[in-house]
Amino acid sequence: MSNKSDVIVVGGGISGMAAAKLLHDCGLSVVVLEARDRVGGRTYTIRNKNVKYVDLGGSYVGPTQNRILRLAKELGLETYKVNEVERLIHFVKGKSYAFRGPFPPVWNPITYLDNNNLWRTMDEMGQEIPSDAPWKAPLAEEWDYMTMKELLDKICWTKSTKQIATLFVNLCVTAETHEVSALWFLWYVKQCGGTTRIISTTNGGQERKFIGGSGQVSERIKDILGDRVKLERPVIHIDQTGENVIVKTLNHEIYEAKYVISAIPPALGMKIHYSPPLPMLRNQLISRVPLGSVIKCMVYYKEPFWRKKDFCGTMVIEGEEAPIAYTLDDTKPDGTYAAIMGFILAHKARKLVRLTKEERLRKLCELYAKVLNSQEALQPVHYEEKNWCEEQYSGGCYTTYFPPGILTQYGRVLRQPVGKIFFAGTETASHWSGYMEGAVEAGERAAREILHAIGKIPEDEIWQPEPESLDVPARPITSTFLERHLPSVPGLLKLFGLTTILSATALGFLAHKRGLFVHF
């Protein structure tokens, strides 16, 4: 078979496979070059007798993620709802508090005002940021030069609000608040639909999973493309100096095409040599954007014992000593293979990597026993984990984050073509970037950029809106009148201060009128 094709796709994750499928469906010849011995990229479904199947990488889908839902349905996949029937748990200062809804409730009135102001402020700031061009926000540079830690120090007045906000950042982007740009993080949350949508299970980003695992999306596209998908072919050189693009792999194979789609995380572009060299901004961008740190952990039990205690399996866990910050029930929809999924996030992933797998499991079980107040948590029947930080062809998970100052300086070139190279990957999406949904959007957009380049579609068809999924409809995210209008803590203090001044002035005036002042 000839190594010549119309398009070479570098990277066989969901983004690259979605791009390849669209081009293949349009009659173009495509070759996918994947470095690993499997497709799927940052999605990874393993199968064995202890788990049946389990997603060790990207897994969750939900309402408003219409592209991945449409593609998966076309490939014959179905979703099921992540269990949230029973109560959730918020574990803080050594105690467990049951709750329902997306956010743990707050009983202290000052903390309540502070929490309410935090979520409201982040959403309001997000509204100022264009999803497709965050560097065009009115205060882009001011916000980009600030870390999320600095922003939270400005917004939050109470320690408990700052702690839950820090957990929120850690969970959303697997990085520390001092590591990420405020502009980038606020954009990230905004393009996922806001603070409530991104964090929620029901009606949110974690509502559903695929029966059989998310790895099937890439695997089924591979079945369609057949031997056009080449595994264990790390790309080491892309040469655009001739009429066609020449792509060389680590095992000394040479492929030739009219166009290339790079569907790998931006930082992995550092593993490839380019002729001619990349333009300055692209060349520097790829050395400045790391990926987050996370170990995904699945603890299996004989049965979902937490449900008997009226807990759904979702735990929001605060505290430096806790290895896991967030869990979800990962039991199969028929109740078999009972499991709790937990994330070891950011600096904790870097700290706990020093332990053995068995030591990490013990720490997790001891934590779950404490939070759930159950000795059954100490009796796991199986354990799976995946440390994405050690994956040389990912560099981390879930996604690339932008440190302060990078987005405004380099963001414009994120998906800007370089000659005949077009860029996909979830990082280049404008909606649910960082998720499987963003991967599909980016892959299909890059494919349509090539269709436009060869004259098959007009430019205004490169970006296409996606109809809402009929199977997974989205309910609007609403807020109450009080949530919208309650003052912040400093607002309340100002109000008290003003009230005090007005009261004192009024009393003084009355006293003066009635001659109550003592005259010296």
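Cβ atoms are placed via backbone N, Cα and C, with glycine included.
Among the ranges 247-273, 490-516, the stretch that Swiss-Prot annotates as transmembrane segment is 490-516. In Swiss-Prot, the entry for N6-acetyllysine among Lys52, Lys222, Lys230 corresponds to Lys52.
Here the candidates are the recorded positions Cys156, Lys248, Cys365, Cys397, and by Cα distance the one nearest His382 (site 'Important for catalytic activity') turns out to be Cys365. Of the recorded residues, Lys52 (N6-acetyllysine) and Cys365 (site 'Important for catalytic activity') place their C-alpha atoms 21 Å from one another. Its Cβ taken as reference, Lys248 (N6-acetyllysine) is surrounded by 17 other Cβ atoms within 10 Å in the chains shown. All protein chains included, Cys397 (S-8alpha-FAD cysteine) registers 27 other Cβ atoms within 10 Å of its own Cβ. Candidate recorded positions: Cys156, Cys365, Cys397. Nearest to Lys248 (N6-acetyllysine) by Cα distance: Cys397. Here the recorded positions are Lys52, His382; the one with the fewest Cβ atoms within 10 Å of its Cβ is Lys52. Within the same chain, the residues at least 6 positions away from Cys156 (site 'Important for catalytic activity') whose Cβ sits under 8 Å from its Cβ are Asp114, Leu118, Lys162, Ala165, listed in sequence order.
Counting only the Cα atoms, the space from Cys365 (site 'Important for catalytic activity') to Cys397 (S-8alpha-FAD cysteine) is about 24 angstrom.
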